[in-house]
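Colleague: The structure follows.
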Amino acid sequence: MSSGAPQKSSPMASGAEETPGFLDTLLQDFPALLNPEDPLPWKAPGTVLSQEEVEGELAELAMGFLGSRKAPPPLAAALAHEAVSQLLQTDLSEFRKLPREEEEEEEDDDEEEKAPVTLLDAQSLAQSFFNRLWEVAGQWQKQVPLAARASQRQWLVSIHAIRNTRRKMEDRHVSLPSFNQLFGLSDPVNRAYFAVFDGHGGVDAARYAAVHVHTNAARQPELPTDPEGALREAFRRTDQMFLRKAKRERLQSGTTGVCALIAGATLHVAWLGDSQVILVQQGQVVKLMEPHRPERQDEKARIEALGGFVSHMDCWRVNGTLAVSRAIGDVFQKPYVSGEADAASRALTGSEDYLLLACDGFFDVVPHQEVVGLVQSHLTRQQGSGLRVAEELVAAARERGSHDNITVMVVFLRDPQELLEGGNQGEGDPQAEGRRQDLPSSLPEPETQAPPRS
């Protein structure tokens, strides 16, 4: 899972590493439980956590640590799940700090917001968690559970992210092929999750979303029967959780986001703001979504009905500030900047080439239809290797004048070598645009084409 600092494009670990060998090495390097004065092997998630944040933050802690040690993804996810589950079944009161009332900047009628908040010490909680992880690893040395050894589809995912000319990098991304193992889901539907979050006003909201959206999705009872609804609820709940954190810690950041959940033979996408995902099928772009922007007629009407306004400065902005109309966070712009995501689904037939998820730093300057040619030319030059294609796409965005943070993720649904051998069926075809599959008619068209955002 790649929700920490941005990383260069990389393939998914093959999982071919010997699981018992990994456990042996791990326990050789960490032969004893941690003492209170010992340093943590991986950075703790902040200073305090609310109880609703514990599962996601500890899972992220484990996946970051195990990923740094090249653990096979199914093993890393299963280990993380078992250790988190065991710790959550214990009494966490020993980690409790004195409860305090959330400080309200303005009067709020929501009783939940006014209730005392139980906060836990993140450092001591992380130490206890690592000791639990060592214990589970020791137990599994004798007998590794089937879930940790189960074969799964090997995904080729190319990821590249750059700060560009901005002072700070505020994007985050997630690549989680072992979704089921991380959350202990035992139904027969294989799931993989991918996401890009584009932060603004700081990285806190983007990092938070990269940790908690998929955790909240996995905990929705309707995930097996209504994945779209589960993803929408996951965004909504993550927004509520972050707003509580933002009020406690006086954070002002926000983030747009887009995610793709591949569940068996169905693709589910959800989005908030202007980060986007497209599908390429047999060389043709399939538009899956319409980004949320202030100039969209329905978004403008929603904002004005709430008492806000949309104005054009260097670009269209909500209340003269934000260039997005929906986002997680942005505590001082709620409810005008909505935390309600949209979602859509599509059956996969096996003829799909790849998914591309990216932030507006890419899509504001690279039209959808140019993506196919850029990917195909890269595959041609690299003799069918798609490993570094995201770097090529990021470079193309920079050449076209993007100054924003740029994150691009390409999830191949077929072997790139097959795409090279099959050629780019849409390139140079005057009827390609007519054959392009467009977004569902239930989604509104934008009022105007949005200019690049600075």
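Heads up, the Cβ atoms here are built off N, Cα and C, so glycines get one too.
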Colleague: Besides ASP360, ASP404, which of ASP121, ASP187, ASP198, ASP204 does Swiss-Prot list for that Mn(2+) 2 site?
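Modeller: Candidate in the recorded Mn(2+) 2 site: ASP198.
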Colleague: Looking at 1-28, 29-56, 225-252, 281-308, which one is region 'Disordered' according to Swiss-Prot?
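Modeller: Feature region 'Disordered' in Swiss-Prot: residues 1-28.
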Colleague: Sort out for me which one of ASP198, ASP360, ASP404 has the most neighbouring CB atoms within 10 A, since those are the binding-site residues we care about.
Modeller: ASP198
Colleague: State the count of C-beta atoms found within 10 angstroms of the C-beta of GLY199 (Mn(2+) 1 binding site), not counting that atom itself.
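Modeller: By my count, 28.
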Colleague: Cα of GLY199 (Mn(2+) 1 binding site) to Cα of ASP360 (Mn(2+) 2 binding site): how many Å, rounded?
Modeller: 11
